[in-house]
Each structure stands twice: as structure tokens, then as C-alpha cells.
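What follows is a single structure, written as C-alpha cells, with notes after it.
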Amino acid sequence: MSNFPHFEYKQDILHAEQVPLETIAQKFGTPCYVYSRAAISATYHEFQQAFADDDYLVCYAVKANSNLAILNLLAKLGCGFDIVSGGELQRALKAGGDPQKIVFSGVGKLADEMRMALAANILCFNVESIGELQLLNQIAAAMNMTAPVSLRVNPDVDARTHPYISTGLKENKFGIPIEEAEHIYLSTDIFSNIRFIGLDCHIGSQLTELDPFVQAGERLMSLLHRLQSHNLKINHLDLGGGLGIRYTNEALPSIQDYVTALRKTLGPMKLRLVIEPGRSLIGNAGLLLTRTAYIKHTPERHFAIVDAAMNDLMRPSLYKAYHQILPINKRSGGSCNYQIVGPVCETGDFLGHDRKLNLEAGDLLAVMSAGAYGMSMSSNYNSRPRAAEVMVDGQTVHLIRARETIDQMIAPEAILPS
Ligand SMILES: Cc1ncc(COP(=O)(O)O)c(C=O)c1O
Ligand SMILES: N[C@@H](CCCC[NH3+])C(=O)O
């Protein structure tokens, strides 16, 4: 099956749903992120179907792509949100998210962010250290409230993914060492304004195997049994996000297999299962549309210099991540081995190496699998305004973020008075 069923060639022209991508480039310019509404909805439904009648909550990891239109679409489908900052909280609420479906993760929550989230009455704080628990307890007391908490434990499981996005090993900064968690859960007398309602972990991102999820789940379940033997009532188990997507031809478990494996770790225990998928919900629902500015042949190499760069999509530069790059108009004839690079002044500014393409200046290209950690990790490096974002829905294209202007980019800055 195609990795991108909603981005397909029709008569050798790549389309997003029913719309030729060249039409989008003409109307909105490039670089431009293009998302498919049908792709996002279909993947969310796959999660829903996999859980069937279970008690579950899908909390989309907002960091993967935080555009309000995407959050609003997911909220309308019934999805909850996993947030990691006050900014993400504001976005989730503004997009119509239900506070009782919001979990708050992250190692460095600040006092103001805790206040905002308590005032919003979110479902749960995923607390990652004793210091954070103490601060949350104090703030909740001052607000005359009780904070609902899951401890995010670090189960010391190797996610077997890129080291920068592996989070569940004991040397990582994330979570409370699992062997310390029981003691904290049983210290309810010290934390009078905390109510423990869940148990949480997140072991990493772009996992391509189920085994690490199962190992983590089993370690958490064993802790949960011990907590129950002390009569501590836990309502939900949150196993984080992390399911990978196919960037090229990786062998991957399906969403159904993933959910089945997680449910199995629960055994007969009646407990709500929470998951925090980011990439698997949105990654293959988006692409980055870019135009070739120049073709440059040197004695060593063939370069296609395009108008998107590492500031728009930093995954290739940061992780040497592979994204498929497809021509918008297929052209017959011989191809050349191209380095697809951006205009930024860094040798590490590339979108793809050694791609066999038949290209001319002016040609449009699609950098695939760019829906997750694309726009949300973009920057203004080299004073490049941020790209536009559009959402395709059948034959209609909605602008969901206007291209940033140079004036908007520099407006917050000020020159010293002389
Ligand atoms: C706490 C937490 N939950 C969920 C996610 C989402 O991960 P992914 O996009 O791999 O599903 C992340 C990012 O890795 C995370 O840090
Ligand atoms: N930014 C990473 C994923 C990080 C996940 C966040 N915890 C990526 O692009 O693959």
C-alpha cells in the first residue's frame, strides 16, 4: 500500500486529495506545507477502531504540529491533547479542546504554566520529578485546589530509535526512576493538594518495533499492581506516544497491532488506557511543497537548490532523517543524482542526498512525510520568514497559516535609542 494514499499521481501530476499541487504552488507560493484533512481523519479513525469499545483516550501530542486548524479538526473528532507548555495549552483550548481530555507532560513546567493549567481544569499533570511535584502541590494549595497527577516514570527501556529522540533510558532526563515511584505515590500525606490518578511513561519517538512498548507496559503494570496492593486507586495508564511512520520502506507495526499489544499488557485489569501519538497521527498527512530555484552542476556533484531549507524542515539536518522527495510533474527521460539543498548558509542545509530525479530550474518538488515535526520545529534562521500552511479538503484548499512577512518577522525587535 502507498505510504501516502491521499497524495497520489493522476496523469503524472502529484495531487493532494483532488487538487494538483501545482495549483497550490501558484495560488499560495512556496515553500508551503500541505496537509490532507482526509488523511488526518482516516488515521484518527484507525485509532478509534483499534480501541473498539475499550475505555481509552487518544491525546494528540501537540508538539508534532500545533496549527490551530489541525488541533480543531482533531478536537472535533473527539481527540484529547498532550501538551508541554502554556503556549500549547492556549492553542489546545483555543482550538476547542476539552480540558478534561488534556494531559500536561514535560520536564520543566514553570509555575505560571501550572497555574494556567490548574485554572483550565485539565485532566492530568504528568509529573517528572519530585521538585515539580512539590511546586505543583504548593501552587494547588495556594489556589485552593487539588492537582490531578500521574507520575511519568522512566522504565529504563531501550526504544531502539535515534538517540536524540529516545527518552526511556535511565540516562535520559525524562521521568522519575521507576524504582523511586512507589515511595512517592505512597507519600500522599506530604502532598495534601495532589491526587494521584494515573501512571505514565513515554519511551521515545519513531519506534518501529512493538517490543519496547510491551516491555515498558509490563514494567508499569508491575508497579501498578504494587500500588493497588496498598489500596491506591489509579484510574488510567498512559503509555505515551512513539509509534513510528513509514518514511521510506521501514517494516512497521500497524496501528491495530500497536493498540492490541498495549491493551494486552493491561491484562484483565479494568483501567483506562491513554496514549499520546504525535507523528503517527499527522506525519504522513503532510508534505512540504518547494520550488527548484537553480540547478547547479559542479565537477563533483549535481545540486538542486530549492526554496525550502533547514529552517523550514530541520529533520534531515538534525537527525540525518530521510524524507522521500517526489517531483510534482513526472518528466520522462534520464535522471541525475541530485543533492536537494536549501538557500541557508550551512553545508548541513539539505533536504535529501543522492536523489535520482530529472529536474529543471522552476520544477516543483514535494518533501513527503513532513506533517509531524516540520512546521512546528521551523525557525527564522537566515531571516527567512516562515512558510505558509494549507489544508486540502477534497477539491478545496484552505489557507491555515498565512506566509509570514518580513515586517511581521522583525516587528518584535527594537533599535536602541541613540
Ligand atoms: C511526552 C511525549 N508524549 C508524546 C510524544 C509524541 O511522540 P510521537 O510523535 O513519537 O508519537 C512525545 C514526543 O516524543 C513526548 O515527549
Ligand atoms: N523532533 C523529533 C521528535 C521528537 C519527539 C518529541 N519528544 C523528530 O522530528 O523526529
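Quick reminder: no glycine exception, Cβ is built from N, Cα and C everywhere.
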Further binder of pyridoxal 5'-phosphate named by TrEMBL next to Glu276, Pro277, Gly278, Arg279, Tyr373, taken from the candidates Gly242, Gly342, Gly348: Gly242
Overall pLDDT for the domain 'Orn/DAP/Arg decarboxylase 2 N-terminal' (38-282), taken as the rounded mean: 95
Fewest-neighbour residue among binding-site residues, criterion Cβ within 10 Å, set Gly242, Pro277: Pro277
Most crowded position, judged by CB atoms within 10 A, among Tyr319, Tyr373 as binding-site residues: Tyr373
Pairwise Cα distance for Tyr319 (substrate binding site)/Gly278 (pyridoxal 5'-phosphate binding site) [Å, integer]: 18
Cβ neighbours within the same chain of Arg315 (substrate binding site) - under 8 Å, at least six residues apart: Ala321, His323, Tyr373, Gly374, Met377
Spatial neighbour of Gly242 (pyridoxal 5'-phosphate binding site) that is closest, considering only the recorded positions Lys63, Cys345, Glu346 and their CA atoms: Lys63
